[in-house]
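Beneath this line is the structure, given in structure tokens, with notes to follow.
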Amino acid sequence: MYTLIKLTSEYTSRAISFTSRNFVASEPTSIALKLTTCDFTTSFQNIMKQCVDYGHSFAFVDADDNIKAQILNIPYDAYENMHYGNIRETDPMFDLFGNLDSYTPDDKCLYVFAIGSEVTGKGLATKLLKKTIEESSSHGFKYIYGDCTNIISQNMFEKHGFETVGSVKYKGYQYGITKPFDSINCTEYIKRMVKTI
């Protein structure tokens, strides 16, 4: 049995650990770059903390209060001004995501930074996305968007009314003289996906 909660400051360290662990194990760009949990945490701990602090993030916890699935959300204006821990291991990722910046929202927007689940077959990630959609509307957001890096999240977002507004193909993507994402075979593109509320 899993309980849906709104993430609060008492969960910050667990939320950061969960996302770092989940992404280096299953997120295509993190795997392609061979990121460690330390690399991921160093680069993204500030935004993960802010996602919890802003109060728009949710999780499912088990009976022992361990996070089993979560979604980290942040208002776009805060996301846009975020400072990251710059390490060379994540530079190609920032470069790739930067190529999606041709789309920026023109009204109050909530950004889905991360969604993940350690539990399969229970629909926990889908329930978290639905909760985000419901909550964003009640807080006056006009849009929700996320940068979806794998086919599973892309299909889930599309099923819930998100449209692709930008994409970059992994194969052949060049960072300097390297092609760091050529090893990604599970998904063809990274997609920026947007839902109008």
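Glycine is treated like the rest: Cβ placed from N, Cα and C.
Going by Swiss-Prot, these are the annotated features:
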BINDING   Asn22, Ile115, Ser117, Gly121, Gly123, Ala125, Thr126, Thr149, Asn150, Lys159  acetyl-CoA binding site
ACT_SITE  Glu27  active site
DOMAIN    102-182  domain 'N-acetyltransferase'
Among Ser117, Thr126, the most crowded of the binding-site residues [Cβ within 10 Å]: Ser117
Rounded Cα-Cα span from Glu27 (active site) to Gly123 (acetyl-CoA binding site), Å: 18
Local backbone state of Asn150 (acetyl-CoA binding site), from DSSP in three classes: coil
Asn22 (acetyl-CoA binding site): tally of other CB atoms within 10 A of its CB: 21
The residue listed as 'active site', number of other Cβ atoms within 10 Å: 20
Tertiary neighbours of Asn150 (acetyl-CoA binding site) (same chain, Cβ under 8 Å, six or more apart): Ser26, Glu27, Pro28, Cys186, Thr187
Helix-strand-coil residue split for the domain 'N-acetyltransferase' (102-182), DSSP-based: 24 helix, 24 strand, 33 coil
